[in-house]
Every structure is written in structure tokens, then in C-alpha cells.
Amino acid sequence: MEQNELKQLVGNEAVKYIEDGMIVGLGSGSTIRYMVDALGKRVAEEGLHITAVATSKFTANQAANLGIEVKNLDDVDRIDLTIDGADEISDDFQGIKGGGAAHLWEKIVAINSDKNMWIVDESKLVHQLGVFPLPLEVIPFGSTHVLEKLDKLGYAPTFRFDENKQHVMTDESNYIIDLHLQKIEDPFALAQILDSIVGVVEHGLFLNICDKVIVGTQNGPKVLEK
Ligand SMILES: O=C(CO)[C@H](O)[C@H](O)COP(=O)(O)O
């Protein structure tokens, strides 16, 4: 199976965990696109009734177009289960997210969820985080100074640009800086440093957030529990 087939496989598998009446957090990214398609199918064909909270404008539109009820996070008390993708997951269930520039909303939704499930193809599993560039959402104002500071700290930062050489803008109209670290020895220590930098709104380290991972393998979906 190719990578996209593995993504579709885990997307289809994940929606089996969604029960009638649930409030469900919908992540972002290509794997989640498959999952939202599969969820839309269940809503249309089985009459499944759920309320969704989306982690990006893209996902919110996709879900609404499929007839899934989408509410704002502030209009629900809590979320039963959030299903999201990830860019890297280490052996101890820590993760890097934000490859799709949506990690700020994703983290806010995740920490307001009773359970968090990540769905990935097997290429996302790593022993140690850091080969995937760590995304930071930063306020545009003064962002070159934030970049300089990150450079002095040795984090090899780069702004993320689109194909037209324009800054990639998040749903909150902020910029993305990627840190090219190669390996992260202590994600908790790094998270503390990044949390303390003024102008950094949120980093893509998702620590102690994920409860369950569904991995797409050549032998089918594999469930990993924390
Ligand atoms: O964190 C994310 C978006 O901000 C995505 O979940 C992550 O980038 C995985 O994406 P994909 O499923 O396309 O590989």
C-alpha cells in the first residue's frame, strides 16, 4: 500500500471509535481529510448524530459540506474525543504537529478533549523527535527578531513560505517558523524555553496529550495505547 492508502486506511478505522451523540474534535491535514470523508459517510448513510469542533477553517468547511454539524469550541462544554494526524510520534507517545500550520488550534482543541487519538501512516513513528522540522506559530510583528533569537539559540530557524514566496499564514493570520533541529534530546525542556519566548504563540510539541495511536501498516491498522 502507498502512503495515501495507509492514510485512508487509518481514517476509515478511526471513525469506528465515534459513537452517536459524541462531541468530536476534528484535526487537520491529509490523513484527517480521509477521516472526515469517512465520518461524513457515516452521518449520511447511518444517520449518525454527532457534533464536531474543527481545528482549522479547511476542516470546518470540509465537514460542513458533508452535512456534519460543526460548532465553535466556545459553544461546547467539552469534547469527548479528538482525532488528529501527527508529523512525528516518539516511542513514549510525544509528538510533533503543525506540518499543516494548524497546531495552535489543534493544541487548544486537544487540551479541551477527554481523549486524543492520532492517526498516522507508519512513516511517522520515530524513536526520538526532531528530524521533522518543529513548527512555531509566531506573531508577524517583530518576527525577524524572534527568528534571530532562535538562531542564536542554535535552533536553525526558517520562515515557512508558500510557492509564491509569501509567508504561510495560519488561520489566526500569524507566521510559521520551522526549527531544523534533527534531534530533540529533551522535548519538555525545549517546550519550556519556547514557551518563554515573547512573540511565539505556540510550538508544535504535543507532550502528554495523545492517548491512542492508530498506525497504518502494510498488515492493516495497528492500535497503540499509552
Ligand atoms: O499537525 C498537522 C497540521 O498542522 C497535521 O496533523 C500533520 O501535519 C499531519 O499531516 P498529514 O496527515 O497531512 O501527514
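Keep in mind that glycine also has a Cβ here, set from the backbone N, Cα and C atoms.
Among the candidates LYS57, LYS124, LYS149, the residue that TrEMBL names alongside SER28, GLY29, SER30, THR31, ASP84, GLY85, ALA86, ASP87, LYS97, GLY98, GLY99, GLY100 for the substrate site is LYS124. Annotation for LYS124 (substrate binding site): same-chain Cβ neighbours under 8 Å, separated by at least 6 residues, are ALA86, ASP87, GLU88, ILE89, VAL215.
In this structure, SER30 (substrate binding site) is part of a helix by DSSP. Rounded to a whole value, the Cα-Cα separation of ASP84 (substrate binding site) and GLU106 (active site, proton acceptor) is 8 Å. SER28, SER30 are the binding-site residues among SER28, SER30, LYS124 whose C-beta comes within less than 6 Å of an atom of ligand 1, given in sequence order.
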